[in-house]
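Remarks on the structure that follows.
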Amino acid sequence: MSSDDSQHSSSSPPSSKPTTSHWPTSHFFPWATSPDIIRAHEKDAYITGTLSTQVQSIVRTLRGARFAHAHTDAIKNLTDILYLSLTTLVGNRTLGEEYCDVVQLEDDSLRFPSLARRAGYILSSILMPWTLQRILPAFRRRLRAKLERSIARKQAKSVYFSKEEQQKKRQNLVLKFQTYILEHLDSLTSLSPVYAIHLAAFYFTGAYYHISKRLWGLRYVFSKRIEESEERVGYEVLGVLMVLQIVVQGIVHVKEVVESIQEDTQSKDKHDFGSHGQPGTTLKSICNPPSIPSLTPDTPRYDLSSDAGTALSWIPAGQQRKCTLCLEPFKDPSVSTCGHVFCWTCIRDWVREKPECPLCRQEALGSKILPLRG
C-alpha cells in the first residue's frame with residue numbers, strides 16, 4: 001500500500017498555486033522553450049489588448065473622447081496592472097501560461113516566485129518602460145544643448161587662442177568625440193540595441209523573454225511530462241540572424257564614422273590656413289550641423305484658434321473648424337483617406353493605437369494622413 005501511494009504521489013502534476021515547499025531537484029519537468037514562452041506572451045498580449053480597448057470604450061462613454069484620447073497610455077498601463085494583479089500577483093497563472101501549460105519558477109531556488117518577486121516583476125515590466133519613455137526625451141534635449149554649448153566654446157577657443165601642438169591635438173580629440181555624440185545622440189540613447197541583444201540571448205537560451213524576468217530571476221517550466229522521443233524545437237536560427245544583423249549594423253556604423261573622420265581631416269588640411277581669422281565659418285557648423293535632423297516645432301504651423309479665420313479661410317467657421325477628437329480648433333489640420341479632418345497630433349496618436357478613422361471606422365494608416373495647406 002505504501003509503495004502504491006508513493007508511486008501515485010510521484011506521478012501527480014504540480015499545483016498551479018504557489019507554495020513554500022522546494023521543487024525537487026530531480027523533477028522531470030523541463031524548462032519551457034522559446035516557442036512556448038512566446039506563444040504564452042502573445043496570448044496574454046491579445047487578452048490585455050482586448051481588455052484595454054473595452055476599458056477605453058467605457059471611459060469614452062463616461063468622460064468623453066477627449067479624456068479617453070489624452071489618457072490612452074494610462075488606461076493601457078492600468079489595465080495591464082489589473083490583469084497581472086488578478087493573476088500573477090495572487091499566485092495564479094495568466095491565461096497565456098495556462099494556454100501553453102507553463103509554470104513560472106525562481107531560477108535560483110526552483111520555488112514558486114515569492115510575493116516580492118511577483119510584485120517587483122509587475123511594477124518593473126509596466127512602469128519602467130513608461131518612465132523611460134518620459135525621461136529619455138528630456139534627457140536628450142538637455143544633453144544636446146549642453147554638447148552644443150561645449151562644442152561652440154571649444155571651436156571659439158581654437159580660433160582665437162593659439163595653443164601648443166599637443167594641447168591642440170587633445171582638444172581636437174575631445175571636440176571630435178563630443179561632435180560624434182551630438183550627431184548620434186538619438187541612437188546612442190536609444191534602448192533598441194539593448195532589446196535586440198536581450199532578444200538574441202533569449203532565442204539562444206530560451207530563458208528570459210522579458211528584461212524584467214531576467215532582473216527578477218523568473219523562468220518557465222513546461223508542466224507536462226515530455227517523452228524522450230518528443231523533440232523540443234527552439235529559435236536558435238533567429239538568434240543567429242539577429243546577431244548577424246547587429247554585427248552588420250555595427251560594421252556599417254564604424255565604417256561611416258571612420259570615413260567621416262577622414263573627410264574632416266582632409267578638409268581641415270586643405271583649408272587650414274584659409275580658416276584662420278574667420279570664426280563665423282567655424283562656428284556655423286555647430287549652429288546647424290548637417291547630419292542632425294531638425295527638431296519638430298513646439299507650436300503648430302496652422303493654429304485655427306489664434307489665426308481668427310485668416311489661416312485656411314476656405315474651412316467654414318464654427319464647429320467645422322474644430323477637431324472631433326480634442327473638441328478644440330484645428331492645429332495643423334490633416335485629412336485621412338476617408339476625407340475626415342482632425343488635428344495632426346490627434347489623428348497621428350489615434351492611428352498608432354487603432355489604424356482606423358475614429359468617425360467612420362474605415363482603415364486609416366499613419367503614412368496616408370496628409371496635412372492641409374493653403
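Just so you know, glycine gets a Cβ as well, placed from its N, Cα and C.
What TrEMBL records for 265-274 is compositional bias 'Basic and acidic residues'.
Annotation source TrEMBL lists domain 'RING-type' at 323-361.
Taken from TrEMBL, the feature region 'Disordered' covers 1-22 (among others).
Residues or ranges marked as region 'Disordered' in TrEMBL: 265-285 (among others).
Summed and averaged per residue, pLDDT over the domain 'RING-type' (323-361) gives 83. Broken down with DSSP, the domain 'RING-type' (323-361) shows 10 helix, 9 strand, 20 coil.
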